[in-house]
Amino acid sequence: MVALAEPHFQAWIQSAATNVSVVDKVPADMLHMVDAHWYQFPPMNPLWHSLLGFAIFVLCFISLIGNGMVIYIFTNTKTLRTPSNLLVVNLAFSDFLMMFTMGPPMVYNCYHETWVLGPFACELYGMFGSLFGCVSIWTMTMIAFDRYNVIVKGLSAKPMGNNGALLRIFFVWGSSLAWTLAPFFGWNRYVPEGNMSACGTDYLTDTLLSRSYILVYSIFVYFAPLLLIIYSYIFIIKAVSAHEKNMREQAKKMNVASLRSSEAQSTSTEMKLAKVALVTISLWFMAWTPYLIINYTGIFKAAPITPLATIWGSLFAKANAVYNPIVYGISHPKYRAALYQKFPSLSCTDAADDSQSMASGTTTVVQEEKPSA
């Protein structure tokens, strides 16, 4: 215990002599959570705190409105209340809670230019960010599995019912909660980040116990979902390509320009849903990859981490909660149709889209004969 406190004490003595540390404004009850690494950096320009606070405020406003509308429309539109869309609602709910619990505290602390809400609130803040990020990616993984089940297995697949969707949601929340509660019991910890206005996992403490959590948790929350999603989409693309090839060959044998059966139309519909899911998944990995790099840089001491770098990592990660409602607003025709009906002034489509359906179903067979020579 004395050995761990010694570098903090020495760094604090040096900081007190110069009075130019980024830790200067940190309340006394928070100093035991601040790593000695941060004492070497001068105070940040107040403009950065202002810019960060403003950016988080804007992201928070957009996310709460956007995800709130996704939850409202998907739960209050009869045609959208399907087992598969329970996963979509869970994703929007997680993103909503992400910004609801993280946006206001960060804006408040940016105003004070340091964390002023106390140690326990710091730990809760770090846990919430980790929890909702974990829930989001594993919900997306379950969505990818659902697309895989429908597209690759086709009619032989056992459709997911409401109970199956709820079971998956409970698994996602339960496993995510177990991982993110671990730091409260001594496996790593939640501490102030370099800008001192937000909190996250401790990636600077040089112990095997602390490092092992970052490594194992990153496997569970980043690499495992990534590999499973890649696996799902490889087979989805193969299945769709094979189906399209068979349809072209059959149309050629029948001497028609195209053969659009109900099964083909359904497959096309499911592929559109898969593309929407793929876009949201890709945005999640783009948003959280900088934060993963910062964590790995810290545990492997690969390069010095500055307070300014932690700002961008934190901002990118939180911005992920904004992307999904925008993607659905642009790419999900049935959601756009419902949005037009309930909020015409906010919709990015027209009434004609109301006839479009993104759910699996039977469509008419259309055959267009080639003109005779």
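Including glycine, each Cβ sits where the backbone N, Cα and C put it.
TrEMBL entries are annotated by machine, without manual review.
Annotation comment: TrEMBL describes 66-328 as domain 'G-protein coupled receptors family 1 profile'. Per TrEMBL, transmembrane segment is recorded for 51-74, 86-104, 124-145, 165-187, 214-237, 276-294.
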Look at every Cβ pair spanning the transmembrane segment (276-294) and the transmembrane segment (165-187), keep those 6 or more apart in sequence, and say whether at least 3 of them are under 8 Å.
no
Leading stretch by Cβ pairs under 8 Å, where the reference is the transmembrane segment (86-104) and the options are 51-74, 124-145, 165-187, 214-237:
51-74
What residues in the same chain, six or more past the boundaries of the transmembrane segment (51-74), come closer than 8 Å to it by Cβ-Cβ distance?
80-81, 85, 88-89, 92-93, 95-96, 98-100, 102-104, 106-107, 110-111, 195, 197, 311, 315, 318-319, 321-322, 324-326, 328-329, 335, 338-339, 342-343, 346
